[in-house]
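Here is what Swiss-Prot says about this protein:
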- Thr13, Arg83, Glu84, Tyr135, Asp244: sn-glycerol 3-phosphate binding site (BINDING)
- Thr13, Thr14, Ser15, Thr266, Gly309, Gln313, Gly410: ATP binding site (BINDING)
- Thr13, Arg17, Thr266, Gly309, Gly410, Asn414: ADP binding site (BINDING)
- Arg83, Glu84, Tyr135, Asp244, Gln245: glycerol binding site (BINDING)
Amino acid sequence: MQDQYILALDQGTTSSRAMLFDRQGNIVSIAQKEFEQIYPQPGWVEHDPQEIWSTQAGVAAEAVTRVGLNGTAIAAIGITNQRETTIVWDRETGHPIYNAIVWQDRRTADFCDKLKAQGLSEKVRAKTGLPIDSYFSATKIRWILDNVEGAREKARQGKLAFGTVDSWLVWNFTKHELHVTDVTNASRTMLFNIHTLDWDDELLDALEIPRSMLPQVRASSEIYGPTKTTVFASKIPLAGIAGDQQAALFGQMCTSSGMVKNTYGTGCFLMMNTGETPIESRNNLVTTIAWQVDGKVSYALEGSIFIAGAVVQWLRDGLGIIKSASEIEALAAGVPHTDGVYLVPAFAGLGAPHWNARARGSLFGVTRGTTSAHLARAALDSIAYQSLDVLKAMEADSGIRIGELRVDGGASANNLLMQFQADLLGVDAVRPRITETTALGAAYLAGLAIGYWQNVDELHSQWQLERRFAPSMQAEQVGSCLAGWQRAVRAAKAWADDTQ
């Protein structure tokens, strides 16, 4: 009998990817295809749902055939996806009635302000763990119902279906038979009660969204049903679903309360496992569901940083200081420190834990002696400082002292950044051998559901360290660095306040 593999589908914001994993958690094959970003007007971001499906189906087939395999070699499929992105389709035709409204889209910001003015903020946070924000799916659904001709009436008749990207993929993989999502994706809609684990009728009424549109909510690791498309000749169990950041937390094996991961991408996404009890944040973090496995729900605290790796892209594209992102480490390493220069990369405001939409990027402490190397180092340092702000908020909310930080994402390959992160935190930054942790998490969830892997203990034994960064900076020096950063953030906020 031929070896079998787990196929992980990683449907991201800019590309659809597919990876095959073997029993040791190694990547056997990978395929990727980018798709179009649609910007109808400033602040609006859309995707074509049919292109999401066609690119994802295409790379799924390519990842399998590239290594001479076919569908019979796939034991199960796990799906992970860009979260919050909203698709509404006609149940009869299977066709979307509007483009996917992407998580970054801000068109419903004014409507969110109206909901806040109605005094709904505390109710929404208590039920969903989320602040009222256009980032989440609820107001995007409402916009489609209000602005697409005939949508409201079709919804009333039960003819429309809503789904996050995972739901849309499962719907298509099962030839329109399964309309499901998992608890992690449901918890990002602003409509799901994370305590009762059900859609919340009070919130649905407040937003005038019919319950009939919503998918059935299932666990993150269970057999939802078999594929029925021509993508694969054989029927393969769809057996794992989780939003991208939750999948990364699972792929990093942060399965115990107090374990934390940071994904260093264009932005940073930090997530702390808080165990089987949701912790309501008092420090501007989001309370969310980490996963549901073996009947148990794990919760998490999450903080999002808008600009992380994007600050390196700005040095490349905006200032021309570097020709490629990979050059920044060598340039920054040319100086021992920033010489008092601080960059606050609030290009689109400040995310967690500040949540200041008006703050703008600011540079402080520049002298005639400041060089491109100092700027490069300040840019890298800003990623670590912002991450520290979120991690301190997590410690304050949870009462848990972080033992180590598990890192992944593109910028985690930067050794200078990882060392400075460890220095600031005072604990080790730990980089795994396999940094494709999002796809790995989806594979793990699917494999557990079908018995490909026996239990989480087996997965823990597979997790392998690539490098551990131990703190080496003196406490006095760390304190001085942090004091400067905090002054810079205060000044960036003051600048925004003074320009209203």
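Yeah, the Cβs are placed from backbone N, Cα and C, and that goes for glycine too.
Known features from Swiss-Prot, placed on the structure.
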residue : record                               : Cβ contacts under 8 Å, 6 or more apart
Thr13   : sn-glycerol 3-phosphate binding site : Gln82, Thr85, Val102, Trp103, Gln104
Thr14   : ATP binding site                     : Glu34, Phe35, Gln37
Ser15   : ATP binding site                     : Gln32, Lys33, Glu34, Phe35, Thr55
Glu84   : sn-glycerol 3-phosphate binding site : Trp103, Tyr135, Phe136, Ser137, Lys140, Thr164, Arg188, Thr189
Asp244  : sn-glycerol 3-phosphate binding site : Asp10, Gly12, Thr80, Asn81, Gln82, Arg83, Thr438
Gln245  : glycerol binding site                : Arg83, Thr263, Phe269, Met271, Glu302, Thr438
Thr266  : ATP binding site                     : Ile307, Ala308, Gly309, Ala310, Gln313
Record lists Thr13, Arg17, Thr266, Gly309, Gly410, Asn414 as binding ADP; longest Cα-Cα distance in Å?
23
Tell me the coarse DSSP state (helix, strand, coil) of Gln313 (ATP binding site).
helix
Starting from the Cβ of Gly309 (ATP binding site), draw a 10 Å sphere and report how many other Cβ atoms land inside it.
21
Rank the binding-site residues Gln313, Asn414 by the number of other Cβ atoms within 10 Å of each Cβ, and give the residue at the low end.
Gln313
For the glycerol site built from Arg83, Glu84, Tyr135, Asp244, Gln245, further residues of that chain with CB within 8 A of the site's CB center:
Gln82, Thr85, Trp103, Arg188, Gly243
Quick one, of the binding-site residues Arg17, Arg83, Gly410, which Cβ has the fewest other Cβ within 10 Å?
Gly410
Coarse DSSP state, helix versus strand versus coil, of Ser15 (ATP binding site):
strand
For Gly410 (ATP binding site) and Arg17 (ADP binding site), determine the Cα separation and express it in whole Å.
15
Max Cα distance spanning Arg83, Glu84, Tyr135, Asp244, Gln245 (glycerol binders), Å?
15
Within 10 Å of the Cβ of Tyr135 (sn-glycerol 3-phosphate binding site), how many other Cβ atoms can be counted across all chains shown?
22
